[in-house]
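Per Swiss-Prot, these features apply:
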ACT_SITE  Asp128  active site
BINDING   Leu75, Cys76, His77, Met113, Glu114  substrate binding site
Amino acid sequence: MSDLTHLDESGRARMVDVGAKDDTLREAVARGEVRMRPETLQRLAAGDMPKGDVLATARIAGIMAAKRAPDLIPLCHPLLLTHVAVDARLDVATSTVQIEATVRTVGKTGVEMEALTAVSVAALTIYDMCKAIDREMQIGAIRLVRKSGGRSGDFVND
């Protein structure tokens, strides 16, 4: 269990002490998608959704979620985020909304959970705003695609 930093010697969950770590620039990029019927995607593209501007609302929800990650994930450190961007674009070929979140900070720990939370909540928002016309939607492929900064170095999973 020594590789699992969120567990103490007895195997109990604990918050990692990052106090002695140096502040460095940290960035994480996460992606995910919402798959829907082609007719739903067409209505989304046309702005013809009963609940309003779905993509704008999803972007704002994702940004808000990144800032609230420590409230949702028990051992996640509260961080001063210096940048959060959430993009949602329509992919007609796959009948999906592709979501990407980029999060940055200068701090002692990474922002992977914030980026993943942003994508997840943006996807849930899209689902919520479209479910009245498409209950078959699927949220998926949520993953960390890139991170930089910190002792563990860079990670790329594109």
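Note that Cβ sites are derived from N, Cα and C of the backbone, with glycine treated the same way.
Secondary structure at Cys76 (substrate binding site), as computed by DSSP, is coil.
Considering only the binding-site residues Leu75, Cys76, Met113, the Cβ with the fewest other Cβ atoms within 10 Å is that of Leu75.
Here the C-alpha separation of His77 (substrate binding site) and the residue listed as 'active site' works out to 28 Å. Other residues of the same chain near the substrate site, with their Cβ within 8 Å of the Cβ centroid of Leu75, Cys76, His77, Met113, Glu114, are Ala69, Pro70, Ile73, Pro78, Leu79, Thr109.
In this structure, Asp128 is the one among the recorded positions Glu114, Asp128 with the smallest number of other Cβ atoms inside 10 Å of its Cβ. Spacing of Asp128 (active site) relative to Cys76 (substrate binding site) is 26 Å (Cα to Cα, whole number). Overall, the recorded substrate-binding residues Leu75, Cys76, His77, Met113, Glu114 cover a maximum inter-Cα distance of 12 Å. The local packing around His77 (substrate binding site), expressed as other Cβ atoms within 10 Å of its Cβ over all shown chains, amounts to 17.
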